[in-house]
Amino acid sequence: MWNPWRENLKDTPKESLNWRLWYGVFVFGLMGAARGIDEGLIGTTAELQPFIKKFGLKDASKSKHDQAELLSNITSMVQMGSILGALIAFYLTDKIGRLWATRLLCLIWASGISIFLASSATGNIGMVYAGRFIAGIGIGQTTVVAPTYLAETAPRAIRGLCVCAFAGAVYIGIMLAYFASWGSSIHISSKTDAQWLVPNSMHLMFAGIIFTLSFFSRESPRWLIKVGRHEEALKIMSDLRQLSPDHPYVQSEIIDINDQLNREREATMGTSWMGPFRELISSKANLYRIQLSVMSQLLSQWSGANSITIYAPQYFEMMGTTGQNEKLFATAIFGVVKFVSSMICAFFLIDYIGRKRALSTGITLQLLSMLYMAIFLLVDTNIKSGDPEASQTPSQKRAAMGAIVMIYFSGFGWALGWNSVQYLINSEIYPLRLRALGGSIAMTFHFVNQYGNSKAVPLMFIAMTTGGTMLFFTCVTTLGLIWVWFFLPETTGKSLEAMDEMFNLPWHLIGRKGAELTRGSGGMADVYDADGGKELDKLPDARIERV
């Protein structure tokens with residue numbers, strides 16, 4: 001039987017792949033649904049008549065610009081809250097641990113959504129803004145807490161799979177949200193607020209499930225070692241791997257963690273609480289890590305895929321799909337495509353073909369899809385949103401159908417590429433002392449850009465035209481493909497503690513040849529001369545092994 005992980009798992013005891021590991025992956029992976037539910041619900045909620053009437057989204061007394069401004073404010077408020085959530089997540093995650101940080105964020109998330117739902121009684125737009133902002137503080141923390149926990153507890157051979165469970169859950173949330181809105185539009189009367197309240201109650205359900213299940217999860221052994229609880233860390237690592245505490249595999253993991261932590265403490269001895277911040281900008285290796293975090297978020301968020309997720313009904317309308325139920329149904333199928341794509345990536349590709357190849361393939365698919373949609377919208381000027389008199393020739397109708405298919409292809413490319421790697425890479429590249437801080441900075445930048453994107457897109461459609469907007473996304477996606485080739489290193493199969501070896505290489509080699517020059521996967525990777533010795537004079541001295 002074909003097994004895509006056979007080579008990666010050859011040094012991993014089979015006992016390590018047990019129910020305790022998968023339970024943790026399920027609980028913390030499920031946190032990805034927090035973002036997915038919001039992204040899937042808010043755009044489709046804005047298509048439901050009770051919500052439109054309650055908050056004046058299509059008030060005839062308002063200009064198109066004012067209507068777009070109101071929609072973007074409602075949509076982007078969670079991203080604003082998520083910026084704050086991601087900023088404080090590193091402190092909470094390191095201070096109270098991964099488990100208690102999870103419980104706290106669930107309470108904040110549920111509190112904000114409760115305020116948002118209560119706005120139906122008054123029609124107060126301020127309650128919508130406040131509730132979504134507070135919910136965003138909790139949702140923003142999930143993007144730091146969950147990938148950090150998953151990366152720290154997973155065996156390195158399947159770390160990509162485990163962290164991608166979070167990315168996959170984003171699309172479970174999106175898919176369920178799309179279908180919930182579509183189902184509500186069919187089965188719940190448009191004369192009652194229940195049509196938008198019922199699907200949005202999914203937030204409360206998921207927050208409650210994650211909060212409850214977290215009490216049966218185990219704390220991260222790496223965090224326990226960091227705070228000096230060594231015996232507890234060894235016991236939990238033994239439980240997670242289902243191996244005895246003195247088993248070589250367990251001992252090697254504990255030794256690697258302690259070795260890296262000791263080296264970090266020696267390097268930062270005597271520094272104040274600002275030490276981690278200074279450490280992040282004091283070495284070329286850490287500056288390169290920050291560059292990876294910032295650029296991966298910038299290029300992914302402005303590639304256009306997230307705007308399609310949030311404003312999917314509007315995109316389908318641009319391509320000629322009209323009618324509330326038809327748009328919501330097409331959007332629901334889009335959610336299925338993205339969910340299935342993310343699962344294929346998580347289970348069969350990210351650890352098998354590697355992060356870099358998966359990302360490059362996904363971006364290429366996304367680029368071709370965006371380019372087609374941009375050309376279609378620029379050429380077919382007969383398409384007018386919601387205009388029943390718009391006429392198309394048979395060839396234009398076929399082209400429009402192709403554009404709708406391209407929306408689905410762009411979703412597949414996003415799920416295979418940026419969606420997985422934007423979380424995975426930031427959970428892998430930072431040393432233990434800086435992992436929560438680095439992840440927090442990355443996700444803060446993530447939500448800053450997502451806020452800007454969700455706020456700007458409705459206005460870009462007016463100022464730049466829809467075709468011009470898609471052409472802009474195409475250009476950004478092209479830049480992303482170039483950046484991946486030159487700067488992104490391959491991290492598949494390397495232990496978290498082995499990453500230091502790769503980032504100590506000269507900056508111009510890390511992305512293109514880092515995986516070749518640091519092939520070892522243990523704490524002390526062997527460095528090979530892949531260029532006949534030409535680059536080895538620049539590499540770290542004691543760890544060079546000429547071949």
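Note that Cβ sites are derived from N, Cα and C of the backbone, with glycine treated the same way.
A TrEMBL annotation is a machine prediction, not a hand-curated record.
What TrEMBL records for 24-492 is domain 'Major facilitator superfamily (MFS) profile'. Per TrEMBL, transmembrane segment is recorded for 21-37, 70-92, 104-123, 129-150, 157-180, 200-216, 328-350, 362-379, 399-418, 460-488.
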Cβ-Cβ under 8 Å with the transmembrane segment (200-216): same-chain residues at least 6 beyond its ends: 23, 26-27, 30-31, 33-34, 37-38, 41, 45, 99, 102-103, 106-107, 109-110, 113-114, 116-117, 135, 138, 173, 176-177, 180
For the domain 'Major facilitator superfamily (MFS) profile' (24-492), the mean pLDDT of the predicted model: 83
Stretch-level contact, the transmembrane segment (129-150) and the transmembrane segment (70-92), CB cutoff 8 A, at least 3 pairs: yes
Criterion met for the transmembrane segment (460-488) and the transmembrane segment (70-92) (at least three Cβ pairs under 8 Å): no
Residue numbers, six or more beyond the limits of the transmembrane segment (104-123), whose CB comes under 8 Å of its CB atoms: 34, 54-55, 81, 85, 89, 92, 96, 130-139, 141-142, 145, 193, 196-197, 200-201, 203-204, 207-208, 210-211, 214
Close approaches to the transmembrane segment (362-379) from elsewhere in its chain (Cβ under 8 angstroms; 6 or more beyond its ends): 303-305, 318-319, 345, 399-400, 402-403, 406-407, 409-410, 412-419, 465-468, 470-471, 473-474, 477-478, 480-481, 484
